[in-house]
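Feature annotations, courtesy of TrEMBL:
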- Glu473: active site, proton acceptor (ACT_SITE)
- Thr194, Gly233: FAD binding site (BINDING)
- 190-297: domain 'Acyl-CoA oxidase/dehydrogenase middle' (DOMAIN)
- 337-488: domain 'Acyl-CoA oxidase C-alpha1' (DOMAIN)
- 538-629: domain 'Acyl-CoA oxidase C-terminal' (DOMAIN)
Amino acid sequence: MASPNPLSDRVTRRASVITRHLLQHPPPSTTLRPSICVEYTPPDPSSPSDFDTVELRRILDGHHVADRDWVFGLMRESRLFCPRRIGRSDTVFVSPDYNQSMEQQREATMRRVEYLSSRGVFEGWLTRDDPEMEMRKFAAFECIGIYDHSLAVKLGVHFFLWGGAIRFFGTKRHHDKWLKDTEDYVIKGCFAMTELGHGSNVRGIETVATYDRSTEEFVINTPCESAQKYWIGGAAKHATHTIVFAQLYIDGANQGVHAFIAQIRDANGNVCPNIRIADCGHKIGLNGVDNGRIWFDYLRVPRENLLNSVADVTPDGQYVSAIKDPDQRFAAFLAPLTSGRVNIAVSTICISKIGLGVAVRYALTRRAFSIAPNSPEVLLLDYPSHQRRLLPLIAKTCVMSCSGNYLKRIYVKKTPEANKMIHIYSSAFKAMFTWHNMRTLQECREACGGQGLKTENRVGSLISEFDVHSTFEGDNHILLQQISKALLGEYLAVQLKKRPFKGLGLEHMNGPYPVIPDNLTSSVLRSSEFQSYQVAEDLARAFSERVIFQIFLDTEASFPAGPLKKLFGLLRSMYALVSLEEDSVFLRYGYLSPSNVAIVIKEVANLCSELRPHALSLVESFGIPDAFLSPLAFNWIEANSWSSVQQQQ
């Protein structure tokens, strides 16, 4: 008998394996268990929330729900908004094509503006001056921003800044000449306030306007490079006119910052004489807006182009103003920024709703890991850690929605007495809401895993698109400093006159401070009395949180007993306790002991488990149509299937 040859046996076995591989013979069926593929299952509707999602949407939207749906419909039905069907889904998704070049995105934005104008969306935006129209305008503007930030900014600059400046700073001669053509988009306006050397510090801008009484003209000049107007939306390509903010000089005396109308392009799009314009270039987002830089080379504009509701110059060069105090006069010239901050605050919350709508729906259909071998994998949103990531952000978004609606109401009904409050509230909400939005989008992006990186799923793109809001219309940190200054001034005035606080949301300081127990309980933590006091301490930031909380509390108090009121109690408690948990000042100032902080953290976890069954109903109440979300919010397996690849080729 021949002795075995190990080398020969190994060669034979390897040759057999390679042969089977090359001939694509499957391995014996007894060696492996059949693979079980992941299948998409829609969110479980077996335990729907007992509150009315339509009613909750009405509360969160606040107004003009039917008008919002009309604007959404206009965008869905036009090819200009890049409609696409993915896989076998019945949903047609719409969103900007961020793969286009900067020039293509700018031209797409312009075509969309012209389409919306032709469909009557902007009718009455400048020629009607009543609260109903203002609220309708806010509603439409929010819907447009949900589709595309560039489109919203392009319209915001034109209608709210250029058009708003003419309305508020101008008088009848300006209204008659400019408003109708602006509303019809015959004139394309921009707003030249920010300079290379001065952004938030408007008082320090360096552009100069000198009055020439011999010709009754203002001569506008850029005296140095730091005085070039910078980040001017619309200036690089499309704008025909601009509002110029400049230091007004008469006979060598500086009268402070004033606003002038100047034409920068002719009807054929050619840059006017004595004007130089350059592009700001490619940005991390907002590339559908043609931000530009402007230099003025002794540009002459008629005396009548001074926007003169605050101050005027007579033909012979006399400066006249009903506001004698230069500081008060300067404050009046910053009024258009209030509308910008209101718009940013309310539209930012809409974007948080998009991120949460996508991330929550994905978390209700995506499974990962199992508790035991061979058991089903667990839904992402059933993990306490995932609940802790998303559910507090839902609560904060709902609470802030109510504050945004309140801000719009006081803005459109503004009175001279309310101007200070509007300025403080708009600054506070703009800062707090934009920071909240960036945190929400980042958390939602991470909660979507690798799918969150895909442009078509929107969340990642929204981060780069809305990052600018932290410095847009005022750096958030500087805005909070302004709020602190105003609050300190109000506090000192009240103390000096020995009178109670009235207005600005400070009335709670008139009563005695409640005693905080050493050991907090769940019932104490969820009581509005405890929450009202605790969120009221650290000046600007805490003031902002306290006002936001109080507005939501007032909204909750208006409901009769029932499911919606109970839900609002959960959302309110979540907002308040997360504010306590996340802000170190409560530990730093000794208002919460370390042991009580641990109790707060535990109660937040309890609230997460109570809100978990309502997660889908809450995001459905956000009023974002399916088409404006993303494929990831629905059948994400079908969206990534081979048939979808072939469909898109």
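Using the three backbone atoms N, Cα and C, a Cβ is placed for every residue, glycine included.
Just so you know, TrEMBL annotations are computer predictions that nobody has curated.
Features recorded in TrEMBL, as mapped to the structure shown.
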residue: Thr194; record: FAD binding site; Cβ neighbours (10 Å): 19
residue: Gly233; record: FAD binding site; Cβ neighbours (10 Å): 24
residue: Glu473; record: active site, proton acceptor; Cβ neighbours (10 Å): 27
Cα-to-Cα gap, Gly233 (FAD binding site) vs Glu473 (active site, proton acceptor), nearest whole Å: 12
The domain 'Acyl-CoA oxidase C-alpha1' (337-488) [mean pLDDT, rounded to integer]: 94
Rounded Cα-Cα span from Thr194 (FAD binding site) to the residue listed as 'active site, proton acceptor', Å: 9
Helix-strand-coil residue split for the domain 'Acyl-CoA oxidase C-terminal' (538-629), DSSP-based: 73 helix, 0 strand, 19 coil
